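Straight from Swiss-Prot, the features:
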BINDING   Asn9, Trp10, Lys11, Gly170, Ser210, Gly231, Gly232  substrate binding site
ACT_SITE  His92  active site, electrophile
ACT_SITE  Glu164  active site, proton acceptor
Amino acid sequence: MRKKVIFGNWKMNGTNKSLEDFLYQVDNKVNNSKITAGLAVPYVMLQTGIKLAKNVKIAAQNVHFELKGAYTGEISVSMLKEIGVEYVIIGHSERREMFFETDLDINKKAKILLENNMIPIICCGESLETKEQGKTIEFVNNQINLIYQNISKQDAIKTIIAYEPIWAIGTGKTANSLDAEEVCKKIRENLAKIYDNLTAEKITIQYGGSVKPSNIQEYLKMPNIDGALVGGASLLANDYLGLVNYNE
């Protein structure tokens, strides 16, 4: 049985003070033992979060694929590991679109994280144009094929996949639960082709895209949706608690 994994993503929002206030309100109220609850925050807030959070896993929103070097403005795996970061989001559509990250970049990031015993949350998802062309499954599976190149099945089961249709991120539009389940099911079937059925069944697949307390239950009751990666609805303490303490 795969444990549900629900992570908020603050993106470029908040301050150290607002994170302190947020964790004071939520950390001791995260009380669902069947769920891993987390929050991805900007780099400058990571140490604050790790110091204060006991029940909420604090994640980074990105990492560079090199261990060190002349990469101004970047952060390495070793820097994150030193301060206690376990989870890192990679391949978010905003980074793909704004910073031209490719699936091969994301593959390198996944491998360096896994080599350092950290857990990548690997984002994938299609544009509205791709969806309207009826090519969602083909597109997303191609992303997965490239990202999981040369990753062993022993490492693959440590990863988390976040299926986030680009057209549903921050727009208020959502893939309905049946459509989201269909894509997540096809992702798992593709993972079974890359590895085997047993490995595919062990990999956590989240859904993201305008998830909020009022609809999270609808998604998480689906057999192939193992959690959620949530943006805007994770910024307020009450909303976050409504997500991670949802009624099954």
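Each Cβ is built from the backbone N, Cα and C atoms, and glycine gets one as well.
In the three-state DSSP classification, Asn9 (substrate binding site) falls within a strand. Long-range C-beta contacts of Lys11 (substrate binding site), restricted to its own chain and to partners at least six residues apart, with a cutoff below 8 Å, comprise Gln61, Glu94, Gly231. When secondary structure is read from DSSP and collapsed to three states, Ser210 (substrate binding site) falls in the coil class. Listed binding-site residues: Asn9, Ser210. The one with the lowest count of other Cβ atoms within 10 Å of its Cβ is Ser210. DSSP assigns Gly232 (substrate binding site) to a helix.
In this structure, the binding-site residues under consideration are Gly170, Gly231, Gly232, and the one with the smallest number of other Cβ atoms within 10 Å of its Cβ is Gly170. Cα separation, Trp10 (substrate binding site) to His92 (active site, electrophile), rounded: 13 Å.
Around the residue listed as 'active site, proton acceptor', the C-beta neighbours below 8 angstroms that are at least 6 residues distant in the chain are His92, Ser93, Cys123, Cys124, Gly125, Tyr207, Gly208, Gly209, Leu229. Looking at Trp10, His92, the recorded positions in this record, the fewest other C-beta atoms within 10 angstroms of the C-beta turn up around Trp10.
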